[in-house]
Amino acid sequence: MEAVRFAVAVVLVFCYVTSSNAQMTSPPSGGAGGDAHSLPCIQKLMPCQPYLHLATPPPATCCMPLNEIVAKDATCLCAVFNNVDMLKSLNLTKENALDLPKACGAKADVSLCKTSAGTNSSSTPPATPKTPPASSTSTGTGSGSTGNAAPSTAKPTSSAPAINFGGLSFASAVVATLFF
């Protein structure tokens, strides 16, 4: 029984350390330009990270999600492309950030990103469907409600990783209570 308690304690400590490290690395990417809404799509691209600076062609595990994002999620593509801090953290520039899609045969149209003129504007398309309810609430300030819609859209998604890690901590506490 003592061995089981020790094993559970080790697992709980491991989960806590893992969630703490993930929380420490999450805010810089979310805080650098408000692109926290793009994190789910960034996570799909994690298999591509080793191939960012290699001449070796990336495998299908990298190219399939990358091609899907290029084809279907221009908002994510622009959020990454326009986030200079994120590119710097990966030792990329805007110019060589396009090398990976080319290696996968994807045609990334970054002219859409230039049209959106920045990371805050690139978050506007997802907020556009949510803007009419906000403007119907405050009819006199339609432009003010549009400005408020984008930050409110980014805040819930930026807190989503914290909720997930909070749930992990809560689950750890429940398991500890059951076994100890």
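Note that Cβ sites are derived from N, Cα and C of the backbone, with glycine treated the same way.
Features reported for this protein in Swiss-Prot:
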- 116-125: compositional bias 'Low complexity' (COMPBIAS)
- 133-156: compositional bias 'Low complexity' (COMPBIAS)
- Cys41-Cys78: disulfide bond (DISULFID)
- Cys48-Cys62: disulfide bond (DISULFID)
- Cys63-Cys104: disulfide bond (DISULFID)
- Cys76-Cys113: disulfide bond (DISULFID)
- Asn91: N-linked glycosylation site (CARBOHYD)
- Asn120: N-linked glycosylation site (CARBOHYD)
- 116-156: region 'Disordered' (REGION)
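For the disulfide-bonded residues Cys48, Cys63, Cys104, Cys113, a Cα-Cα cutoff of 10 angstroms around Cys78 (disulfide bond) retains Cys113.
Long-range Cβ proximity for Asn91 (N-linked glycosylation site), meaning a same-chain Cβ under 8 A and a gap of 6 or more residues, is found for Leu52, His53. The Cα atom of Cys48 (disulfide bond) lies nearest to that of Cys63, taking the disulfide-bonded residues Cys41, Cys63, Cys104, Cys113 as the candidates. Within 10 Å of Cys62 (disulfide bond), judged by CA to CA distance, lie the following disulfide-bonded residues from the set Cys41, Cys76, Cys104, Cys113: Cys104. Comparing Cys41 (disulfide bond) with Cys76 (disulfide bond), their Cα atoms are 6 Å apart once rounded. Around the Cβ of Cys41 (disulfide bond), 18 further Cβ atoms fall within 10 Å across all displayed protein chains. With a 10 A radius on its CB, Cys78 (disulfide bond) counts 27 other CB atoms from all the protein chains. In this structure the alpha carbons, written CA, of Cys76 (disulfide bond) and Cys104 (disulfide bond) are 17 Å apart.
In the three-state DSSP assignment, the secondary structure recorded for Cys76 (disulfide bond) is helix.
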